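Per TrEMBL, the features are:
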ACT_SITE  B:LYS205  active site, proton donor
BINDING   B:ALA9, B:GLY10, B:ALA11, B:GLY12, B:THR13, B:VAL14, B:GLY15, B:GLY16  NADP(+) binding site
BINDING   B:LYS105  NADPH binding site
BINDING   B:GLU190  L-homoserine binding site
DOMAIN    B:354-430  domain 'ACT'
Protein chains: 2
Amino acid sequence: MDSVKIGLAGAGTVGGGVCRVLNRNQEQISARAGARIEVKYVTCRHPENRSDLVPLVGSLGIDWHEIVEDPEIAIAVEAMGGIEPARSFILAAIDAGKHVVTANKALLAQHGDEIFDAAAKKGVIVAFEASVAGGIPIIKAMRESLVANRIQSVVGIINGTSNFILTSMRKEKISFAEALSKAQKLGYAEADPSFDIDGIDAAHKISILSSIAFGGPISFDKAYIEGIRDLQNVDIEFADQLGYRVKLLGITKRRGTGIELRVHPTLVPERRLLAHVGGVTNAVEVKGDAVGSTLYYGPGAGSEPTASAMIADIVDVVRMIGVSSNHQVPVLGYKRKIENVDVLPMGETVCSYYLRIGVTDSPGTLADVSRVFADMGISIESLIQKEAVAGQGSTSIVLMTHTAWEAAVQEAIRRIEALDCVTGKIVLLRKEELN
Amino acid sequence: MDSVKIGLAGAGTVGGGVCRVLNRNQEQISARAGARIEVKYVTCRHPENRSDLVPLVGSLGIDWHEIVEDPEIAIAVEAMGGIEPARSFILAAIDAGKHVVTANKALLAQHGDEIFDAAAKKGVIVAFEASVAGGIPIIKAMRESLVANRIQSVVGIINGTSNFILTSMRKEKISFAEALSKAQKLGYAEADPSFDIDGIDAAHKISILSSIAFGGPISFDKAYIEGIRDLQNVDIEFADQLGYRVKLLGITKRRGTGIELRVHPTLVPERRLLAHVGGVTNAVEVKGDAVGSTLYYGPGAGSEPTASAMIADIVDVVRMIGVSSNHQVPVLGYKRKIENVDVLPMGETVCSYYLRIGVTDSPGTLADVSRVFADMGISIESLIQKEAVAGQGSTSIVLMTHTAWEAAVQEAIRRIEALDCVTGKIVLLRKEELN
């Protein structure tokens, strides 16, 4: 049987998983791939700490240039994470005519176009299934299995850390800070959790999916991003009462004039499957005009789930070694751009809204607030007016709107916050019915 | 741009959907495939009834031999359904060196080995994504995306008709017969519904998935099959009380000594996503040792969802035209058989059980029944003894067992039914915790 040699840069959680799974399931994998996949080199900053990998791989070193310069290596696997030196490694590997497999969403979201252009010129494959939603094969599903469809929307829980925090806040009635601390203790959140909780990581991923869905360039720089740092338990409880769960969603949709691309905490009806995706698990719903609604669920991170996706990419590449590049699946699904797929400014987004408005407990308050919505052409779907706490003289109006322009809602909020009867900032959460 | 010509045999719901979606989304599809896909011929028994297709295709005829004999046709698409003439068409197309796309699970479950052997000899592709779970890309996910994994189990709601009936029985508290009649009125069940409600269709599909999961031949003839025809509302209600939903599942699992392969109504814990898959929708859960649990959800049948899967196959084939067959994905995922993957007899299956036992309302009954389970080494997990109806002198014992050998449970049932205190047949349902 043939053997294909790969070089792996990065021996952390992900790189270690790749070595372990390739080794443990070698027989299965080679029976499927038709070739034995050998890890010739692993490079990392501290090889002395990864002696556990020595029996699993050819050699363990420190310099990724060895991988790039070895003509025996057919596939360069990047599991370093971060921008540099991952970007340099990948570009050098492409330049040396090697195929590339990576899990690096941050790099692709920011430098994908440069990397994909370089790969196209060399005729090599850059595969990145593991970059979005870990072990869930969402990239392949969208790029290959849904090709017949005009995609309408992609909506996903694609950051496990945030989903764990939101699930804990709701189930255990603990604050954001407490839930974050719990996630950190369990290893689900990093010491600096901002990429996850501020929505950056989810925005990287939904930007990649948006490009595959609609055929435009990766537009991370145009995504609207709002995280969960300021989310309060009171709003999770109101949402519950109204039949919704709060989830951090990555959302991209086709509209007549362009593409919506946004990440924010979102009310999801509890009758939808996405509402029942708890803990660190991920799920992505893709709607197409022919297939209707499909959903893909599984572990969004972790050593072996990520390795599962990377090895699937490696096997795909192994099969295409020696085949002319015009037979490859196009890197973002499209061989040519076909329509206007520019990202719309957030103000032009259409959504429905949950708003919590602190008001003084005085006659006419509700009329004043309602008048602003009417003036802005925003229609109220339902309303809860919370009873005043005796002696405090203040209360909350919680309401849900029908769909409205984001810009109109922001203007309504500005006007309502200026009313005398309104106390403090209005809390805004967006809602997706997913119907 | 290149053009690829296909011939389509069968212009029913599925064939019509393929023509319509290819036509409507031609620009999208060709931008992704890098080639224009043209339906040169459609053949069906009554072309005079499908004049709606005339504007969408090259020509409409009656004789599928035209497709086979035309050297311009690269891909033969089978959407006739049934065994013959579908089998003859596919074998003739393969013999003529054409690639084949089919949605025909009954044919593949029974004659897959013959068809796949013929295709292997000719070096052509037989693609069949649409044969299992309609628009859900489960074949590709298992065959390509999960290659790194030793698959542990595949469990799915893969018959929409049955799932619709079960959902209606539970939600509307109507009998099986009423729910079936409703499904027929809505077009979700055929005039002769036996393939769907007796589990045959689900068994065709799980047999195909089992083969992809574990690498053996398609073993439909060895599947244990039990449908939903005899299911009673009282058991759906008891299951509800116990925190379970009753679903018709296709199940295949790896065990030390072989493979389990079975279809039967099953109690699923309501906290699992599969329990929330209602109506005609399908979902399949696949567990692998590296990825963990993944789930794929979507429409399991229908004109355009099925067309979505068939067109994805067509595009996959288009990309591989002119490429040597050793670069193809192996038809059932494996290039060579690697281990013992024979299907176990049902008696050697391990499962946990729901049993409803009609008993006379007399002292010692529960002790007598419990004694049999103890003798057979079967451990009781929970028990409901329903109150006697005044004056009738009979009652029901409902119990759940821990995991046990099927053969032991069947023997226990035989012995319990022989007890004087037991009235009538025992109702048995199996349970899957899916943990």
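Keep in mind that glycine also has a Cβ here, set from the backbone N, Cα and C atoms.
A TrEMBL annotation is a machine prediction, not a hand-curated record.
Cβ neighbours of B:GLY16 (NADP(+) binding site) (same chain, under 8 Å, six or more residues apart in sequence): B:ARG50, B:ASP52, B:LEU53, B:SER303. With a 10 A radius on its CB, B:ALA9 (NADP(+) binding site) counts 27 other CB atoms from all the protein chains. Highlighted in sequence order, B:LEU8, B:GLY17, B:VAL18, B:VAL42, B:CYS44, B:ALA79, B:MET80 have their Cβ within 8 Å of the centre of the Cβ atoms of B:ALA9, B:GLY10, B:ALA11, B:GLY12, B:THR13, B:VAL14, B:GLY15, B:GLY16, the residues recorded for NADP(+), and are not part of that set. Neighbour density at the Cβ, taken as the number of other Cβ atoms within 10 Å, is lowest among the binding-site residues B:GLY10, B:GLY12 for B:GLY12. In sequence order, B:ALA79, B:GLY81, B:ALA103, B:ALA130, B:SER303, B:THR306, B:ALA307, B:MET310 make up the list of same-chain residues 6 or more apart from B:VAL14 (NADP(+) binding site) whose Cβ falls under 8 Å from its Cβ. In the three-state DSSP reading, B:ALA9 (NADP(+) binding site) counts as strand. Note: the domain 'ACT' (B:354-430) comprises 23 helix, 28 strand, 26 coil (DSSP; helix = H, G, I, strand = E, B). Cα of B:ALA11 (NADP(+) binding site) to Cα of B:LYS105 (NADPH binding site): a span of 17 Å. Its own atom aside, the Cβ of B:GLY15 (NADP(+) binding site) has 29 Cβ atoms within 10 angstroms in the protein chains shown. Shown in sequence order, B:GLN184, B:ASP196 are the residues of the chain, 6+ apart in sequence, with a C-beta less than 8 angstroms from the C-beta of the residue listed as 'L-homoserine binding site'. Rounded to the nearest whole angstrom, the C-alpha distance between B:GLY12 (NADP(+) binding site) and B:LYS205 (active site, proton donor) is 21. You'll find the Cα of B:LYS105 (NADPH binding site) roughly 6 Å from the Cα of the residue listed as 'active site, proton donor'.
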